[in-house]
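What TrEMBL records for this protein:
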type     : residues : note
DOMAIN   : 14-301   : domain 'Sugar phosphate transporter'
TRANSMEM : 12-32    : transmembrane segment
TRANSMEM : 44-65    : transmembrane segment
TRANSMEM : 77-101   : transmembrane segment
TRANSMEM : 107-127  : transmembrane segment
TRANSMEM : 134-152  : transmembrane segment
TRANSMEM : 189-209  : transmembrane segment
TRANSMEM : 229-250  : transmembrane segment
TRANSMEM : 283-300  : transmembrane segment
Amino acid sequence: MLGGKRTSSRHVAVVLMMCLFWYVISSSNNVIGKMVLNEFPFPMTVTLVQLCSITLYSGPFFNLWRIRKYQEIPRAYYMRLIVPLAIGKLLASVTSHISLWKVPVSYAHTVKATMPLFTVVLTRVFFNEKQPTLVYLSLLPIITGVGIATVTEISFDMLGLVSALISTMGFSMQNIFSKKVLKDTNIHHLRLLHLLGKLSLFIFLPIWLYMDSLAVFRHSAIKNMDYRVIALLFADGVLNWLQNIIAFSVLSLVTPLTYAVASASKRIFVIAVSLVILGNPVTWVNCLGMTLAIVGVLCYNRAKQITRSKEPPTLPLSQSNHIKYTPLQQQTDPYYRGALNGKMSNGLHKPGSALSGNSLLANGSGMPSGTATRLLFV
């Protein structure tokens, strides 16, 4: 009993430490990204640097960490889901950097709080999945908060707002369909990140060469070899890669609900740090809108938890509101589905295991519904 408590306490400490690293790296990434774009206004090039970082660093480090390699994916499936996912990742990344370039970090992250709204809409469009009234009501504070923040934003820019909304929709769509790919192909989630990064870079490189390359090489920072800008670009790419790695690591340690709460808390941390370091002017009404939007995200997560707790217990995939996936291969995935550390292959804990009594810090259910989407991209 004492050993179980020690293991559980150690697990909590690890999660808290990982979240702290996540918050610091994410806020640093956003602040440095804004500094880069202020001096080097090429969001497509910043996106290219980040995709290069994912492509170059992931392979060697994942092999060093002995992350299981993915098997061959059928060509038809690859073209039907993997390629659109890579294009979606590319579009979301570019528009995210455009929004960061055009509007303050605090406002961009406030707009990104609308992700639950896009998740609800997209799951209804693609999977005809309806939500309880409580979930719909929880979206009202998000919409109201973003509306207030938009109206009162001193540095408002329409292109920045539209780009932030497109980016949020893109990341939401990625989260929904990445879950399907993870389940269908049994690929490790970090390998999926690497695969999408490589494919996005392959698709994006010709576009960048045509649209951005000449202007970049003519810019004074590149012509004069401004080491400060080059160092900031390098740091931005490394921090973005680390942010994705730590986000995945936190995700593997906690439930989707806990991850969603941690992600909302991270957004608050990023907004606060950006306001302090970058010093963009805000009014108290603007701060009220930001706060209301973040509180709305927490209300949405709570509403989803209440809704799931009222659902009758069923065998996996027995409910009609679950998205039906047909796995390509029936294999146990010890990394994604949790076959290690006292877990069974369906993600549930064995009786008596150290984490079985901690519902918030146990890895999520092995068969989440379409709306219990794990946020794989941040």
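Heads up, residue numbers simply count up from 1 along the chain you see.
Placed from the backbone N, Cα and C atoms, the Cβ positions cover glycine too.
Through the fold, the transmembrane segment (12-32) approaches residues 100, 105, 109, 232, 235-236, 239-240, 242-243, 246-247, 249-250, 253-254, 262, 265-266, 269-270, 273-274, 277-278, 358, 361, 378 of its own chain, all at least 6 residues removed from its boundaries and within a Cβ separation under 8 Å.
The stretch in closest packing with the transmembrane segment (77-101), judged by the count of Cβ pairs under 8 Å and taken from 44-65, 107-127, 134-152, 189-209, 229-250, is 189-209.
Between the transmembrane segment (189-209) and the transmembrane segment (134-152) there are fewer than 3 Cβ pairs closer than 8 Å, counting only residues 6 or more apart in sequence, so the two stretches are not in contact. Remote same-chain partners of the transmembrane segment (44-65), defined as residues 6 or more beyond its termini with a Cβ less than 8 Å from a stretch Cβ, comprise 33, 36-37, 90, 93-94, 97, 190-191, 193-194, 197-198, 200-201, 204-205, 207-208, 211-212, 216, 233-234, 236-238, 240-241, 244.
Here the domain 'Sugar phosphate transporter' (14-301) has a mean pLDDT of 91 out of 100.
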